[in-house]
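*Asks:* Below is the structure I would like to discuss, written out as structure tokens.
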Amino acid sequence: MIEFAVAGLSDPVQATVPWLSLSILVPIGGALLIPFIPDQGEGKQIRWYALIVTLITFLITVAAYLTGYDPSLSGLQLFERVSWLPEIGLTWTVGADGLSMPLILLTSFITSLACLAAWPVTFKPRLFFFLLLAMDGGQIAVFAVQDMLLFFLAWELELLPVYLLLAIWGGKKRQYAATKFILYTAGSSLFILLAALAMGFFGGGTPSFEYTALAAKDFGSGFQLLCYAGLLIAFGVKLPIVPLHTWLPDAHGEATAPVHMLLAGILLKMGGYALLRFNCELLPAAHAQFAPLLIVLGVVNIIYAALTSFAQRNLKRKIAYSSISHMGFVLIGIGSFSVLGSSGAMLQMISHGLIGASLFFLVGATYDRTHTLLLDEMGGIGQKMRIMFALWTVCALASLALPGMSGFVSELMIFAGFATDEAYTLPFRVVICGLAAVGVVLTPVYLLSMLREIFFGKEKAELASHTNLVDAEPREVYIIGCLLVPIIGIGLYPRLMTDSFSSSIEALVSRDVTAMEQLTKPTAPLIRGQSTVPAILRAPNLGTPTPK
């Protein structure tokens, strides 16, 4: 049995203003009012209304951060609790710490830009923006709630809007992509429900699903391993982890630009956040044994997805596999037992959210002009679309982790954190870093070759016949500019973001390290421990954890 102190999960700071509840209820309430908004049929009033609601939501989250959040504290802040169904221990409990506050800000920020990106939508605009606002509230709830059953409900709430946005406004294979998405995500979420019920009713004490209560429960190692495995499958689908990733290229291949931004910018981050919140924070004994598997899966993500992206001729699918590759670094950071590596994973999620949203928006803008996604049918449009080419170039350089961009800082932190993590043997660290570096090398190869095929060379006859090969319009420049400001800002001054979650990450890693050190017979053979580790994999003079 693993015993540890509840670090960073006690003594929550109460909210003086219910900012988090407002950030959830405003977009959901705004969505419910859309049927009553007068409109002349073109959706103009609906678009402006939805944009105002998303901007208000963004301002609420900013106000929450500026007035009620202290980055130096590791525990919960902006805490609200209202009894809901006390018979089964269910309460409306919301709060924020370093794991959730940055992602809440990211969600409201990207959703407001996605709403602006949806300006050309004229087919059923009332339903489209209703779903977009409902998705905004559901995604913020995923990061803000502090009750595992509420988390499950919020997790399910955002699935239906995504399904309908794909099925109604997607491409030719939209029904297939939407059905595959709902089967993967809804099916895997069953593991979340089972784990929530098991953790809420077992482990001693009064039945409760609040994170603070679950962290204080006394779960056996076997119980933790079982729950961890189920949650890893559920969150691995959303991250996604290879081989649970196949829904993502299909979804991105059929989605519209604003839905792209929400998928890449926010949806994938829900999986990474949930791994940190539940698998690492609430199940530390199991995490100590599963961590090497996360590292290996991260490397598989990086290399497999990078190679697959290199071979893609469809622009959307190429960027989709690039996203999967970049999320592999998040797995390596989560699997490390270092503050630097885990902080890098958190920063990588934020960085990829911004960069992924920008790239997919540009994919949609380019398709609106060329009416093709096949690289073989593109080429030579750089002379006619110079501003668009400049935007593409800057965003691609950010994706390949150019120094001065946020991606460079996050990947460097992950590499440095894992390379210096003495919880793993030196040969294992060398092999993993070497393999992950292959993905770093492949990224500029497929991204720069993609730019060459789109913008350079001789213009195809089919494209030359198009009269709408116009350059980027002010709305598009504004959206990319808004995304590039934090990308470059974080790249030049990382503390702009890392200070917001460093205290919570330190508490989380301390908790996991304590659990690892108390393992007397670790089943993970590549972690330093007793007995089962082969001598060739042991680093010399690293000592042996003190048995309990």
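Keep in mind that glycine also has a Cβ here, set from the backbone N, Cα and C atoms.
Sharing the record's features from Swiss-Prot:
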{"type": "TRANSMEM", "residues": "48-68", "note": "transmembrane segment"}
{"type": "TRANSMEM", "residues": "103-123", "note": "transmembrane segment"}
{"type": "TRANSMEM", "residues": "127-147", "note": "transmembrane segment"}
{"type": "TRANSMEM", "residues": "149-169", "note": "transmembrane segment"}
{"type": "TRANSMEM", "residues": "181-201", "note": "transmembrane segment"}
{"type": "TRANSMEM", "residues": "256-276", "note": "transmembrane segment"}
{"type": "TRANSMEM", "residues": "290-310", "note": "transmembrane segment"}
{"type": "TRANSMEM", "residues": "327-347", "note": "transmembrane segment"}
{"type": "TRANSMEM", "residues": "348-368", "note": "transmembrane segment"}
{"type": "TRANSMEM", "residues": "389-409", "note": "transmembrane segment"}
{"type": "TRANSMEM", "residues": "430-450", "note": "transmembrane segment"}
{"type": "TRANSMEM", "residues": "477-497", "note": "transmembrane segment"}
*Asks:* Out of 103-123, 430-450, 477-497, which stretch has the largest tally of CB pairs under 8 angstroms to the transmembrane segment (290-310)?
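*Replies:* It is 430-450, which has the most Cβ pairs under 8 Å.
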*Asks:* Taking contact to mean 3 or more CB pairs closer than 8 A (sequence separation of 6 or more), are the transmembrane segment (256-276) and the transmembrane segment (327-347) in contact?
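*Replies:* When sequence-distant Cβ pairs are counted, the transmembrane segment (327-347) touches the transmembrane segment (256-276), since at least 3 lie under 8 Å.
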*Asks:* Can you tell me which of 181-201, 327-347, 348-368 gets the most C-beta pairs within less than 8 Å of the transmembrane segment (430-450)?
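*Replies:* Top-ranked stretch among 181-201, 327-347, 348-368: 327-347.
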*Asks:* For the transmembrane segment (389-409), give me same-chain residues lying six or more residues beyond its boundaries with a C-beta closer than 8 angstroms to one of its C-beta atoms, as numbers and ranges.
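*Replies:* Distant contacts of the transmembrane segment (389-409): 322, 326, 347-348, 350-352, 354-355, 358-359, 362, 366, 381-382, 440, 443-444, 447-448, 450-451, 454-455, 472, 476-477, 480, 483-484, 486-492, 494, 497.
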*Asks:* Quickly jot the same-chain residues contacting the transmembrane segment (127-147) by Cβ under 8 Å, restricted to those at least six beyond its ends, or write none.
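*Replies:* 20, 23-28, 30-31, 34-35, 43, 46-47, 49-50, 53-54, 57, 61, 76, 79, 90-96, 100, 103-104, 107-108, 111, 114-115, 118, 121, 154-155, 157-158, 161-162, 164-165, 168-169, 209-212, 258, 262, 266-267, 270, 273-274.
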*Asks:* Sort out the residues at least 6 away from either end of the transmembrane segment (48-68), same chain, that have Cβ-Cβ distances under 8 Å to it, and list them.
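*Replies:* Sequence-distant neighbours of the transmembrane segment (48-68): 13, 15-17, 19-20, 22-23, 26-27, 30, 34, 37, 77-78, 96, 101, 104-105, 107-109, 111-112, 115-116, 118, 129, 132-133, 136, 140, 500.
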*Asks:* Which residues, given as numbers and ranges, are at least 6 beyond the ends of the transmembrane segment (477-497) yet have a Cβ under 8 Å from it?
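*Replies:* The answer is 102, 109, 113, 116-117, 347, 350-351, 354-355, 357-358, 361-362, 387, 391, 394-395, 398, 403-409.
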